[in-house]
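The structure appears below as structure tokens.
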Amino acid sequence: MILANTFCIFFFLDESLRSLASPSSLQGSELHGWRPPVDCVRANELCAAESNCSSRYRTLRQCLAGRDRNTMLANKECQAALEVLQESPLYDCRCKRGMKKELQCLQIYWSIHLGLTEGEEFYEASPYEPITSRLSDIFRLASIFSGTGADPAMSVKSNHCLDAAKACNLNENCKRLRSAYISTCNREVSNFERCNRRKCHKALRQFFDRVPSEYTYRMLFCSCRDQACAERRRQTILPICSYEDKEKPNCLELRNMCRADHLCRSRLADFHANCRASYQTMTSCPSDNYQACLGSYAGMIGFDMTPNYVDSNPTSIVVSPWCSCRGSGNMEEECEKFLKDFTENPCLRNAIQAFGNGTDVNVSPKNPLFHATQPPRMEKTPSLPDDLNDSTSLGTSVITTCTSIQEQGLKLNKSKELSMCFTELTTNIIPGSNFVGSPDSVDGRPRPVITLTAVTFLLLTLAL
């Protein structure tokens with residue numbers, strides 16, 4: 001009889017807790033802190049359909065026009081508009097590189113985020129969705145890449161950059177867009193102007209945005225063993241038109257020019273987000289993702305900040321935008337720091353070498369060790385798919401433990417197994433969310449789940 005009563009009580013509370021812990025039960029303010037990802041064009045449409053959001057968005061744009069941050073925040077109306085928009089999809093929206101309405105998307109993003117930081121930030125957050133693919137994905141798509149699967153003797157003699165150009169010519173889309181930018185960038189305008197740089201840059205952007213990276217990367221990052229190969233690699237973007245100029249501008253002035261354009265500003269911010277040297281990772285790259293860095297580097301080609309190889313040295317990889325730090329005055333230290341993010345960047349150098357060698361870092365996710373009675377911790381998970389196993393491994397182990405107890409009919413007590421079994425009932429991992437933990441901690445306020453868990457312990461104790 002006691003066992004029957006215990007089973008009924010446990011079943012009732014099990015269903016109650018599951019219904020409270022499910023994502024569908026999270027309504028209104030309970031979803032604060034998590035929103036499904038949406039691009040800024042769609043977020044703008046959602047905001048426009050809501051009168052409160054659309055009016056606040058117009059107010060904020062007026063607040064940002066011609067005012068610095070302190071002046072804007074001193075205005076109560078501007079503060080109220082910002083607070084409303086921080087709860088809307090607009091504030092967290094992102095864009096995709098090469099998307100159909102990319103410029104419109106970026107304009108919406110920067111209309112909110114410009115002016116909301118303290119002065120001119122050295123590193124800005126990227127407006128683009130994070131890149132989660134790996135170099136190994138590109139290697140699987142490419143039929144041939146540097147040296148792999150080939151005879152070692154032939155690989156040493158082979159000009160991989162020439163092979164990359166031949167491979168491009170075998171693909172109709174790659175061949176057409178490559179021919180287009182070569183023709184545009186080589187077309188002399190007059191005796192005083194060797195080419196139309198603006199049209200050359202546009203043709204280059206179309207090539208790198210529309211041609212799959214298994215072709216473009218092979219041309220940009222091919223490995224070389226002699227100067228002829230390295231010079232072909234340097235000439236990939238036709239630097240005499242797209243890169244070089246009569247004089248080198250100051251790097252900070254070039255950065256200011258780039259940041260005046262939404263597209264260029266976004267590509268530069270994305271480069272810093274994915275290639276900024278990290279000394280806490282194995283590869284010196286953020287999240288150990290070579291692909292994200294190389295994609296961000298290629299994304300800057302065709303803008304004022306276009307980078308390229310500085311020489312034809314096959315043994316030393318040095319890239320830089322066309323600028324120097326002469327005339328920096330008291331900003332020389334900041335200028336050198338900016339320039340070294342290109343010329344002395346271990347993440348970028350390692351990523352280029354890794355692609356040329358046909359290798360990728362093997363990042364094996366490690367499951368965190370939790371004590372059985374320790375409640376789930378609030379942890380922000382990495383954006384890489386390889387690391388998403390960290391967020392699911394906890395849930396799997398807990399469910400397995402509970403199932404084994406119930407299947408075997410073991411007597412429940414205040415043991416480790418009981419604690420883990422209740423963890424299953426109260427733990428909720430929302431797909432797409434950056435947080436792993438119990439729903440009660442999402443917005444920092446206690447939930448009924450905690451109360452019911454305590455009631456469960458009490459009733460089970462009385463029943464037994």
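Cβ atoms are placed via backbone N, Cα and C, with glycine included.
Pulled from TrEMBL:
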- Cys47-Cys53: disulfide bond (DISULFID)
- Cys161-Cys222: disulfide bond (DISULFID)
- Cys168-Cys174: disulfide bond (DISULFID)
- Cys185-Cys200: disulfide bond (DISULFID)
- Cys195-Cys241: disulfide bond (DISULFID)
- Cys224-Cys229: disulfide bond (DISULFID)
- Cys251-Cys323: disulfide bond (DISULFID)
- Cys258-Cys264: disulfide bond (DISULFID)
- Cys275-Cys293: disulfide bond (DISULFID)
- Cys285-Cys347: disulfide bond (DISULFID)
- Cys325-Cys335: disulfide bond (DISULFID)
- 40-117: domain 'GDNF/GAS1' (DOMAIN)
- 161-241: domain 'GDNF/GAS1' (DOMAIN)
- 251-347: domain 'GDNF/GAS1' (DOMAIN)
- Asn357: N-linked glycosylation site (CARBOHYD)
- Asn413: N-linked glycosylation site (CARBOHYD)
- 1-21: signal peptide (SIGNAL)
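Recorded features from TrEMBL, shown on the structure.
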residue: Cys53; record: disulfide bond; CB count, 10 Å: 21
residue: Cys195; record: disulfide bond; CB count, 10 Å: 18
residue: Cys222; record: disulfide bond; CB count, 10 Å: 25
residue: Cys229; record: disulfide bond; CB count, 10 Å: 20
residue: Cys241; record: disulfide bond; CB count, 10 Å: 22
residue: Cys264; record: disulfide bond; CB count, 10 Å: 21
residue: Cys275; record: disulfide bond; CB count, 10 Å: 27
residue: Cys285; record: disulfide bond; CB count, 10 Å: 26
residue: Cys323; record: disulfide bond; CB count, 10 Å: 21
residue: Cys335; record: disulfide bond; CB count, 10 Å: 22
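Using DSSP to sort the residues of the domain 'GDNF/GAS1' (40-117) gives these counts of helix, strand and coil: 55 helix, 2 strand, 21 coil.
Nearest Cα neighbour of Cys174 (disulfide bond) among the listed recorded positions (Cys222, Cys229, Cys264, Asn357): Cys222. Sorted by the number of other CB atoms within 10 A, the disulfide-bonded residues Cys168, Cys200, Cys224 start with Cys168, the lowest. By neighbour count, meaning other C-beta atoms within 10 Å, the densest spot among the disulfide-bonded residues Cys47, Cys161, Cys293, Cys325, Cys347 is Cys293. Taking the C-alpha positions, the distance from Cys347 (disulfide bond) to Cys293 (disulfide bond) comes to 8 Å.
Secondary structure of the domain 'GDNF/GAS1' (161-241) per DSSP, as helix, strand and coil residue counts: 60 helix, 0 strand, 21 coil.
Cys222 (disulfide bond) has Cys168 as its nearest neighbour among the disulfide-bonded residues Cys168, Cys185, Cys258, Cys275, Cys325, going by CA to CA distance. Using CA atoms as reference points, the disulfide-bonded residues Cys264, Cys285, Cys335 were checked against Cys224 (disulfide bond), and the closest is Cys285.
Across the residues of the domain 'GDNF/GAS1' (40-117), the predicted structure has a mean pLDDT of 83.
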